[in-house]
Amino acid sequence: MATEFEDGFPAEKLFDQGYSYTYDDVIFLPHYIDFPTDAVNLSTKLSRNVPLSIPWVSSPMDTVTESHMASAMAALGGIGIIHSNVTPSEQADMIRSVKSRRVPILSSPVFKAPDSRIVDEFDSNDVPFVLGLRETKLLGYIARSDWLGLKDREVKLGEIMRTDANVCVPWDYDLGQIDEKLKKEGRDFVVVEKEGGEVVDALTKEEVDRVKGYPKLGKGTVGSDGRWMVGAAIGTRESDKERLEQLVKAGVDVIVLDSSQGNSVYQVEMIKYVKRTYPELDVIGGNVVTMSQAQNLIKAGVDGLRVGMGSGSICTTQEVCAVGRGQATAVYKVSSIAAQSGIPVIADGGISFSGHIVKALVLGASTVMMGSFLAGSTEAPGAYDYDEKKKCRVKKYRGMGSLEAMAKGSDQRYLGDTAKLKIAQGVVGAVADKGSVLKLVPYTMQAVKQGFQDLGASSLQSAHDLLRSKTLRLEVRTSAAQVEGGVHGLASHEKKAF
Ligand SMILES: NC(=O)C1=CN([C@@H]2O[C@H](COP(=O)(O)OP(=O)(O)OC[C@H]3O[C@@H](n4cnc5c(N)ncnc54)[C@H](O)[C@@H]3O)[C@@H](O)[C@H]2O)C=CC1
Ligand SMILES: O=c1[nH]c(=O)c2[nH+]cn([C@@H]3O[C@H](COP(=O)(O)O)[C@@H](O)[C@H]3O)c2[nH]1
Ligand SMILES: [K+]
């Protein structure tokens, strides 16, 4: 249904007036609904050769994406990008950990050599069993109840552990298969093994039941190796070539060149190096916010672009360096040039709720990348603290350009090896507990589908067609309209989306 009236602005006109707009500045005008919400298909591409069933990417930050987050993202049909603020071998181990499981659970069981004694392993009530391992192979286990019932606790683990080969399941068992085994055999846990008998993890019934309580998982992101897909970030230094080699050996599926200003000689050369050395590997360049930055990286051979400079919740780049762009304008501008070469765009940073995701995707992005939105979840690295003032559980969340993160490892790449004066471009903070992403993401995706339905877009492609045919109309919201668009005028209220 074409627009008969001149009502609202097409994006082309709105974003060409010299203003840097962000998501909150703009609002879409509704169109025509002729399909149900569930008919909205949000499958997409992260990069040229990486298809996803949901447009969801977790940020390569050390308080956001390690193995647990990346496995959960893949299980949901999105993808996680493992950060590089660790040694190359640690980063490669995280890739291997994602590739060696089919359930979005990571439990790090306690294990000991069979000729050692159990000392204080069962002191914590959270430890239901101890595994007897020689190198990486399971020899047996002792359950907490067995241990508590022992008269002589001085014996070696090997003398008291149970040996039961049936406790093991292969690495590619999914949640349903593991659940069935636990139920059928009345077990409290199973041990997941890789080919060759190497122990991957041990999963308790309690954890499996917890994950079963979340919305049913859809189509996970599985690569041509039959394993979950996972990405990793690297920099543009000479040493990053060695890092890359280790990541490739570990099976990484896509590489993100992680920089605030990707249009540099260093990045152009790195893109060419990656494509020359590993032609099968997708490489995502960025970050960019302008059409000419994007064009340069497309010419160099990128398979995807990451958009956003200073828009992140922990970013101070625009304040410190006076460079960047409002994220709605950046996403629209970069996407319009990238679309001409068929290069998918990741809208990175500045996402606080589902409406921002709708805006990013409809303005031309193929996926959204999030840091703060995911940082307080069960799957994010780190433990929860209790915030006495806010009366809630929180997890640490920090910028990769914060002094603290630079001190942890990125400083060498951050300001150049010889730089003496360090300037932070990010802060350290905390975000509230969000629960598991296995619940957060499906509910948020449902909200995104409702937004697409209101616009009459049944897929990302149809949203982009509406955008480019100028059927999609939008307007800038004044600050009063923004207030009106939020909850207002109430003495108090509780906001709960699901
Ligand atoms: N999206 C955003 O708005 C921002 C993101 N960040 C995040 O902070 C982290 C660090 O970002 P950046 O500082 O931009 O990292 P970067 O590695 O791109 O740049 C750090 C410095 O090293 C230089 N450099 C890079 N490769 C070089 C080479 N081969 N030889 C000589 N010099 C070289 C760069 O020109 C720059 O001065 C990343 O995780 C990034 O995502 C930081 C600021 C803003
Ligand atoms: O200016 C910055 N200084 C930093 O220290 C920093 N660390 C991360 N990032 C970028 O922010 C994105 C995540 O943003 P959100 O929390 O808003 O999702 C990330 O995906 C990055 O693009 C930084 N930007
Ligand atoms: K910011």
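Backbone N, Cα and C define each Cβ position, glycine as well.
TrEMBL does not curate its annotations; it predicts them automatically.
For the IMP site that TrEMBL gives as SER313, ASP348, GLY349, GLY350, GLY371, SER372, TYR397, ARG398, GLY399, MET400, GLY401, the extra residue drawn from GLN267, GLN425, GLN446, GLN450 is GLN425. Per-residue pLDDT, averaged over the domain 'IMP dehydrogenase/GMP reductase' (21-488), rounds to 94.
Within 10 Å (C-alpha to C-alpha) of GLY349 (IMP binding site) lie the following recorded positions from SER260, GLY308, MET309, GLY310, GLY312, CYS315: GLY308, MET309, GLY310, GLY312, CYS315.
Of all Cβ atoms in the protein chains displayed, 19 besides its own lie within 10 Å of the Cβ of SER313 (IMP binding site).
Of all the recorded positions listed here (CYS315, GLY371, GLY401), GLY401 has the Cα closest to the Cα of ASP258 (NAD(+) binding site). Residues distinguished by a CB atom under 6 angstroms from ligand 2 are absent from the binding-site residues ASP258, SER259, MET309, TYR397.
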